[in-house]
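J.: Before anything else, here's the structure in question.
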Amino acid sequence: MDKYDQFKGQPRLPKSAVPRSYDLKLKPDLVACKFTGSVRISLDVVSPTRFIVLNAADLSVDRSSVGFCSGNTSKVLEPVEVQLFEADEIIVVEFAESLPVLAGVLSMDFEGTLKDNMKGFYRSTYEHNGEKKNMAVTQFEPADARRCFPCWDEPACKATFKITLEVPSELVALSNMPAFDVKVDGNLKTVQYMETPIMSTYLVAVVVGLFDYVEDLTPDGIRVQVYCQVGKADQGKFALDVAVKTLGLYKEYFAVPYSLPKLDMIAIPDFAAGAMENYGLVTYRETALLYDDKHSAAANKQRVSTVVAHELAHQWFGNLVTMEWWTHLWLNEGFATWVSYLATDSLFPEWQIWTQFLNESTEGLRLDGLAESHPIEVEVNHACEIDEIFDAISYRKGASVIRMLQSYLGPECFQRALASYIQRYACSNAKTEDLWAVLEEESGEPVTKLMNSWTKQKGYPVVTAKVKDQKLEFEQSQFLLSGSPGDGQWIVPITLCCGSYDARRNFLLQTKSEALDIMEASGCSDSQGSLMEAGKGKPNSWVKINVDQTGFYRVKYDEELSARLRYAIESKCLSATDRYGDFDFLLVLLLFILYSRVNLLITKFISSTGILDDSYALCMGCQQSLTSLLTLFSAYREEVDYTVLSNLISISYEVARIAADAAPELLDCIKLFFINL
């Protein structure tokens with residue numbers, strides 16, 4: 001057996017040595033597209049070992065430069081062997097004798113290539129005065145810091161970083177912290193940056209190029225700057241304003257101030273993701289940061305706001321408190337997605353952004369309704385698997401179940417628990433279970449048990465509701481797009497209201513089925529009357545389940561309950577988000593007619609917006625008539641909300657497309673119905 005086999009094919013690095021700080025120097029050559037560097041890593045040897053193993057990939061290490069110096073001596077121990085294993089992306093430094101438990105410094109020089117693959121330390125291009133130029137940019141998440149410098153490239157291996165850059169003197173050089181010393185020597189300058197707080201390697205950032213910027217100060221004196229290509233500075237003003245205000249919002253929400261002295265945000269022409277939350281130096285795709293008030297669409301303005309708010313949320317939830325391992329990625333991304341809408345709604349209430357959050361939910365529902373879906377919390381065994389879980393399950397379902405939990409526990413309780421969580425785990429690492437434990441302490445609810453049913457299994461339920469003998473009966477079953485039965489079961493946070501949003505009730509559906517007394521379940525007063533006795537035309541006799549569509553599940557009503565909702569819609573009793581959700585239910589009825597004609601066409605036309613997900617799922621039941629559908633559609637004749645109308649139009653096109661293939665003799669009638677509507 002080879003002596004190095006013990007390190008090959010392992011999901012994580014050995015625990016025999018732990019990094020404490022990095023002294024990193026980089027010198028990019030933007031003409032030759034190469035870079036050189038050196039790193040001195042202060043570390044603790046925590047158990048005797050002859051081997052120090054760390055990550056490195058796509059680098060050439062000068063073996064003669066590698067050495068280890070213990071903290072209590074100036075003697076440098078030279079290794080007997082330095083081996084790079086590209087397949088495992090590790091470098092093994094072997095010494096003749098076992099290193100005792102001590103503190104020391106591991107040093108080495110290296111070089112690499114500024115590739116154009118948009119990961120690691122790479123090059124991006126831009127034009128200045130008609131000339132094409134290169135800039136140097138980093139993108140390290142999830143596991144590509146190792147392509148820039150040898151390091152312990154795991155989120156739990158937090159350390160501090162002293163970064164020095166040697167760059168052409170005319171260029172802007174940025175890193176996580178402010179520069180404290182700049183020495184110019186002819187055409188080159190050496191820039192030294194303040195030491196960072198403790199953080200993970202994937203958050204280290206460097207950008208070198210020619211940029212314009214706009215800047216402002218927060219009330220706390222934090223300098224915020226937005227960098228972009230020369231000539232585009234005005235397009236950064238909106239993002240700058242959002243960032244300054246959002247830092248204040250998050251300081252109050254998390255009860256912890258922003259932890260760095262500055263925040264830079266920079267637009268990169270060639271960027272793989274929408275944005276990256278590097279600590280103190282957030283990088284963006286240009287369309288996610290720049291906004292031209294003369295030419296950009298309203299949708300662009302909203303995107304800039306939500307993306308900036310998302311990345312700044314990570315400065316607390318991700319950077320200050322970091323996931324222990326990539327298994328908990330969903331919590332990072334799901335939370336930042338959810339809270340970005342919270343911040344945007346606070347800054348721009350006129351946008352009614354929560355109605356548009358439903359696009360996040362429905363995309364999560366679409367993917368999670370597939371038999372090939374995966375749980376939110378996926379066990380990551382190796383770094384090469386990490387990219388596989390950066391999908392709508394991580395971001396959108398994650399955000400949706402967090403919103404569901406916040407709605408069930410209440411916003412005040414949820415905020416207090418989050419602030420406690422941030423304070424408890426600041427400058428450290430945490431797991432999903434740690435957040436649940438804090439929420440459970442604050443609320444007294446069985447949060448861990450509840451949320452495990454949503455994070456550790458794939459899929460979600462459809463909840464069937466019906467009225468029988470003065471009881472409101474609930475039954476859950478797993479939803480699959482294929483129509484096949486599923487065996488999943490969840491603890492479902494049911495929210496419902498009866499006749500008014502003031503008469504609201506929350507409870508947990510913890511079993512397959514449950515029946516509640518109508519008066520108890522809905523919180524209706526005697527003056528409102530029970531559902532069984534109220535006239536069907538009375539607006540106050542309706543029941544809405546999954547209030548404001550905050551739950552990550554679907555609802556199927558019996559004929560009586562659905563008929564009552566029609567009157568609630570007509571009389572404008574329901575919120576836009578609830579009308580949006582109930583409109584999905586309406587489409588089910590029409591699709592029943594078409595589905596019965598051509599079974600296989602149903603799954604062919606799944607809407608890219610995700611709005612039709614509920615409809616296709618409920619259509620599999622084939623229990624509603626076309627007559628009731630057309631009557632219910634008519635309830636939307638006076639609809640004026642943008643989100644509801646937008647989805648109404650999209651669904652109309654989808655139904656017409658299906659009808660053209662499935663029942664062409666009905667197409668003219670269906671089109672006429674939609675035109676009249």
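Cβ coordinates are placed from backbone N, Cα and C, and glycine is handled just like the others.
Those TrEMBL annotations? Automatic predictions, nothing curated.
These came from TrEMBL, pasted as-is:
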ACT_SITE  Glu311  active site, proton acceptor
BINDING   His310, His314, Glu333  Zn(2+) binding site
DOMAIN    18-203  domain 'Aminopeptidase N-like N-terminal'
DOMAIN    238-454  domain 'Peptidase M1 membrane alanine aminopeptidase'
SITE      Tyr395  site 'Transition state stabilizer'
J.: Mean pLDDT, the domain 'Aminopeptidase N-like N-terminal' (18-203)?
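T.: Reported value for the domain 'Aminopeptidase N-like N-terminal' (18-203) is a mean pLDDT of 96.
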J.: Could you tell me which of these binding-site residues, His310, His314, has the greatest number of Cβ atoms within 10 Å of its own Cβ?
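T.: Highest number of other Cβ atoms within 10 Å: His310.
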J.: Counting other Cβ atoms within 10 Å of each Cβ, which of the recorded positions Glu311, Glu333 scores lowest?
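T.: With the recorded positions Glu311, Glu333, fewest surrounding Cβ atoms within 10 Å: Glu333.
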J.: What whole-number Å value do you get for the CA-CA distance of His310 (Zn(2+) binding site) and Tyr395 (site 'Transition state stabilizer')?
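T.: The Cα atom of His310 (Zn(2+) binding site) is 11 Å away from the Cα atom of Tyr395 (site 'Transition state stabilizer').
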J.: Of the recorded positions Glu311, His314, Glu333, which one sits closest to Tyr395 (site 'Transition state stabilizer') when you measure Cα to Cα?
T.: Glu333
J.: Could you give the Cα-Cα distance between Glu333 (Zn(2+) binding site) and the residue listed as 'active site, proton acceptor', in whole Å?
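T.: On Cα coordinates alone, these residues lie 10 Å apart.
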J.: Apart from His310, His314, Glu333, which residues in this chain have a Cβ no more than 8 Å from the mean position of the Cβ atoms of those residues at the Zn(2+) site?
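T.: What remains near the Cβ centre is Glu277, Glu311, Ala313, Phe317, Gly318, Asn332, Phe335, Ala336, Thr337, Ser340.
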J.: Would you mind checking how many other C-beta atoms are within 10 angstroms of the C-beta on Tyr395 (site 'Transition state stabilizer')?
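T.: Summing over all protein chains shown, Tyr395 (site 'Transition state stabilizer') has 22 other Cβ atoms within 10 Å.
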